[in-house]
Structures are given as structure tokens and as C-alpha cells.
């Protein structure tokens with residue numbers, strides 16, 4: 001049996017340069033992130049990933065190597081991984097002295113290496129300690145002029161997978177008489193459309209059945225609603241993507257959650273999928289009556 005491929009990343013760099021933010025970005029991309037792992041445990045962590053049967057395929061480790069022993073341990077750990085055919089990528093984060101000073105002043109915390117001196121002294125000391133490690137990094141990111149979203153974009157480009165940035169939407173149909181979905185980001189009300197419940201021939205069927213679907217979609221305003229709401233969702237989706245939000249729950253409601261909301265939710269799912277959105281359609285209250 002083929003052993004699943006394991007992707008390893010090491011996140012390190014200057015204090016205040018964005019290691020924690022980078023770790024959160026990788027976590028959002030589906031990486032298994034371990035913070036402040038001693039370098040000598042890297043091989044153990046990698047072995048756990050290999051034995052997971054593919055459940056853990058990407059591991060990112062945040063390593064603090066300000067001390068010389070830790071630096072030596074990290075180099076030895078990387079060499080051991082290389083010898084076993086596992087080649088971790090190293091991301092090194094840095095920023096200008098001015099940017100780092102502003103960040104430490106903003107959080108009102110001392111630099112870990114400043115001792116009884118100024119923040120800038122601690123930064124300088126750390127630069128010297130990590131200079132050799134910086135030269136061995138696969139990717140060096142200067143975060144001086146980057147906001148969180150720009151840093152996320154760069155990490156996405158370097159460590160993401162195809163479709164990693166794709167918006168994923170769950171479209172939930174529901175009945176108002178059973179209450180709103182608590183996790184909904186956006187709610188659409190389909191009760192402006194005539195209710196098939198009052199058409200005796202349609203009452204036993206649901207919005208997934210062709211006769212009900214065709215009836216709902218043929219009503220005045222149904223197609224206009226789908227066109228305009230889909231356009232709105234594209235606009236909102238682009239904004240969410242820029243903000244790093246990749247999961248969206250869209251609720252579509254009617255009185256009982258059987259006819260109109262089901263038909264409209266199905267159509268919204270089709271339109272969103274055609275626009276490149278990952279879609280899952282759920283009919284919360286179907287069969288509840």
C-alpha cells in the first residue's frame with residue numbers, strides 16, 4: 001500500500017513579524033498547525049502524520065529558535081527529515097525595525113530579547129541570532145507593509161492548494177414556522193411567491209419534484225429574484241473572499257420549508273456552482289410536516 005504523501009512546513013522568523021498570523025492562515029488552508037514545538041520533536045510529529053493514513057497530510061510547525069541550542073536542534077531535525085525523504089519547507093517572517101517597534105508598542109509587550117534595554121536592542125539581537133537561519137529559508141516574507149489580508153494572500157499562493165481560496169456555500173431551505181437557522185449568514189424570504197400548498201394537485205409533492213419546481217419558477221418575480229439575488233451573492237462572495245472568509249451559510253425560507261424554499265434553494269445552488277462556488281444544499285425541514 002502506498003504511504004500517503006506528507007507536506008511539512010516550518011514557520012519561524014522575527015518576533016512580531018507575524019508568525020502567529022501565518023500559522024492561522026495555514027490552519028484556515030487546512031494545515032494541521034502545531035505552535036512552539038521543540039525542534040527535536042519534528043520527526044515524531046512527522047511520523048504521526050505518516051501513520052494517520054492520510055487524515056493528516058499537511059503539518060505546519062511554528063518553531064522559536066532564538067537560542068543557539070534550539071537552532072542546532074532545528075538543523076539536525078531538518079537533516080533527519082531530509083534523510084527520510086521528507087523535505088520540509090521553511091517560511092521565515094521578518095519586518096523592518098520601525099514596523100516591529102510599532103507592533104510591540106501597540107501590544108505594550110517587551111521584546112523577548114530586549115532584557116533591560118530598548119525594544120530596538122532586542123530586535124537587533126534577534127536579527128543576528130537568526131541571520132543564518134534566514135539564509136536557509138525556502139521563503140522569506142517581509143511583512144513591513146503587509147496587512148493581514150495581504151499576508152494571507154501571499155501564504156495562500158505559496159502553501160495553498162487548487163480551490164483552497166474558493167468560497168464554499170451551504171444553502172439551507174427552511175420553514176419559518178420552525179424558526180430561523182441559527183448559523184445563517186444571509187436569509188432570503190420566498191414567501192412573496194404563491195404557495196403551492198394551496199394547489200391541491202401539488203400539495204403532496206416537494207420543491208424537489210419537477211411539477212412543484214416548474215410551478216414555483218414560473219411565478220412572476222421568481223426568475224428576477226434568482227437573477228438579482230445570485231448577482232448579490234457573487235458580490236458578497238467576492239468581498240468575503242477578500243476578507244478571508246471561505247464558508248457561507250445561505251438560508252432560504254418559506255412557510256413550511258417544503259415547496260418554495262426548497263425549489264429556490266436548489267436553483268441557487270445550481271447558479272452558485274456554475275460560478276465556481278463549492279455548494280452543498282440542505283433541506284432542513286423537508287419531511288417535517
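Quick reminder: no glycine exception, Cβ is built from N, Cα and C everywhere.
Annotation comment: Swiss-Prot describes 13, 14, 15, 16, 17, 18, 19, 20 as ATP binding site. Residues or ranges marked as GTP binding site by Swiss-Prot on the basis of sequence analysis: 64, 65, 66, 67.
Here the features listed in Swiss-Prot are painted onto the structure.
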residue	record	DSSP class
13	ATP binding site	strand
18	ATP binding site	coil
64	GTP binding site	coil
Residues satisfying Cβ distance under 8 Å from residue 14 (ATP binding site), sequence separation of at least 6: 93, 94, 95, 100, 123, 126, 127, 130
Rounded inter-Cα distance in Å - residue 18 (ATP binding site), residue 64 (GTP binding site): 13
Same chain, 6+ residues apart, C-beta under 8 Å of the C-beta of residue 20 (ATP binding site), given in sequence order: 35, 62
Residue 64 (GTP binding site) and residue 15 (ATP binding site), Cα-Cα, nearest whole angstrom: 9
Candidate with sparsest Cβ neighbourhood (10 Å radius) among 15, 16, the listed binding-site residues: 15
Cα-to-Cα gap, residue 64 (GTP binding site) vs residue 17 (ATP binding site), nearest whole Å: 12
13, 18 as binding-site residues, winner by CB count within 10 A: 13
Residue 64 (GTP binding site) CB neighbourhood, other CB atoms within 10 A: 18
Binding-site residues (17, 19), the one with most neighbouring Cβ atoms at 10 Å: 17
Env. residues of ATP site, Cβ within 8 Å of mean position of 13, 14, 15, 16, 17, 18, 19, 20 Cβ: 93, 94, 95, 143
